[in-house]
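*Asks:* My questions will all concern the structure given below.
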Amino acid sequence: MLSTDLSGTISTPDVKLNMASDGGRDPYATTFLRQRGYGWLLEVEEDDGEESKPLLEELDIDLKDIYYKIRCVLMPMPSLGFNRQVVRDNPDFWGPLAVVLLFSMISIYGQFRVVSWIITIWIFGSLTIFLLARVLGGEVSYGQVLGVIGYSLLPLIVITPLLVVMGGFEVVSTLVKLFGVFWAAYSAASLLVGDEFKTKKPLLIYPIFLLYIYFLSLYTGV
């Protein structure tokens with residue numbers, strides 16, 4: 001009889017089970033979704049490491065800077081050593097706006113409908129000073145004028161308690177008003193009226209003085 005040698009080896013396919021792929025997901029479902037263009041459903045967004053900024057920083061409000069500018073306006077004498085040019089060279093919006101609103105509240109005695117009028121006088125009065133300064137050859141921006149005019153209302157706010165106390169003394173009250181107007185006008189003019197105006201300084205100082213006289217007139221009733 002013929003014997004047939006049936007010895008040999010049978011090759012088996014190399015099958016690997018990827019049971020732990022895609023973070024424990026079903027590999028067949030993962031393959032199915034990716035083949036049909038839905039792989040984005042399996043993507044996991046990484047957490048953003050950036051922390052949310054504080055509200056004051058988001059609004060660009062620097063309380064220390066505002067406080068320093070307030071001191072520069074209230075104490076305009078050069079001998080005190082304050083760097084007063086920071087009020088002009090580094091203008092901000094929120095500080096002057098707060099000063100104008102405070103002056104509005106003091107001036108109108110609760111008549112909130114007139115707050116918008118005082119803010120309008122601040123905005124357009126500053127615009128007038130800015131245009132005049134540019135015509136006269138000054139190198140200032142509208143933002144700088146707006147900030148200086150707003151901050152320089154602080155002397156008028158300071159004298160209001162004195163006017164309440166001395167309201168019965170007409171002469172003293174008038175002197176206090178004049179002192180407040182000169183104080184405010186000097187604070188603003190010393191920052192806005194530079195050496196570039198030369199002999200034209202009175203042409204800019206005078207309208208600044210008139211603007212603060214008008215602001216003070218609003219205190220007695222708008």
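Placement of Cβ uses the backbone N, Cα and C atoms for every residue, glycine included.
Small disclaimer: the values here were computed from a predicted structure and weren't measured.
According to TrEMBL:
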- 82-217: domain 'Yip1' (DOMAIN)
- 93-110: transmembrane segment (TRANSMEM)
- 116-136: transmembrane segment (TRANSMEM)
- 148-169: transmembrane segment (TRANSMEM)
- 175-194: transmembrane segment (TRANSMEM)
- 203-221: transmembrane segment (TRANSMEM)
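Surface or core, plus neighbours and distances: that's what I need for these features.
*Replies:* Distant neighbours of the transmembrane segment (93-110): 59-61, 65-66, 69-70, 118-119, 122, 143, 146-147, 149-151, 153-154, 156-157, 160, 215, 218-219, 222; these residues of the same chain sit at least 6 beyond its ends, with a Cβ under 8 Å from one of its Cβ atoms.
Long-range contacts of the transmembrane segment (116-136) within its own chain (CB-CB distance under 8 A, at least 6 residues past either end) are made by residues 96-97, 100-101, 103-104, 107-108, 142, 145-146, 149-150, 153, 192, 197, 200, 203-204, 207-208, 211, 214-215, 218, 222.
Outside the transmembrane segment (148-169), and at least 6 residues removed from its termini, the chain residues within Cβ reach (under 8 Å) are 69-70, 72-74, 87-88, 91, 95-97, 99-100, 102-103, 106, 122, 125-126, 129, 176-177, 179-181, 183-185, 187-188, 191-192, 208, 211-212, 215-216, 219.
Distant neighbours of the transmembrane segment (175-194): 73-74, 76, 84-85, 87-88, 129, 133, 138-140, 144-145, 148-149, 151-156, 158-159, 162-163, 166, 201, 204-205, 208-209, 212-213, 215-216; these residues of the same chain sit at least 6 beyond its ends, with a Cβ under 8 Å from one of its Cβ atoms.
Beyond the transmembrane segment (203-221), the same-chain residues lying 6 or more positions past its ends with a Cβ under 8 Å from any Cβ of the stretch are 103, 106-108, 118, 121, 125, 128-129, 132-133, 136, 138, 149, 152-153, 156, 160, 163, 177, 180-182, 184-185, 188-189, 192-193, 197.
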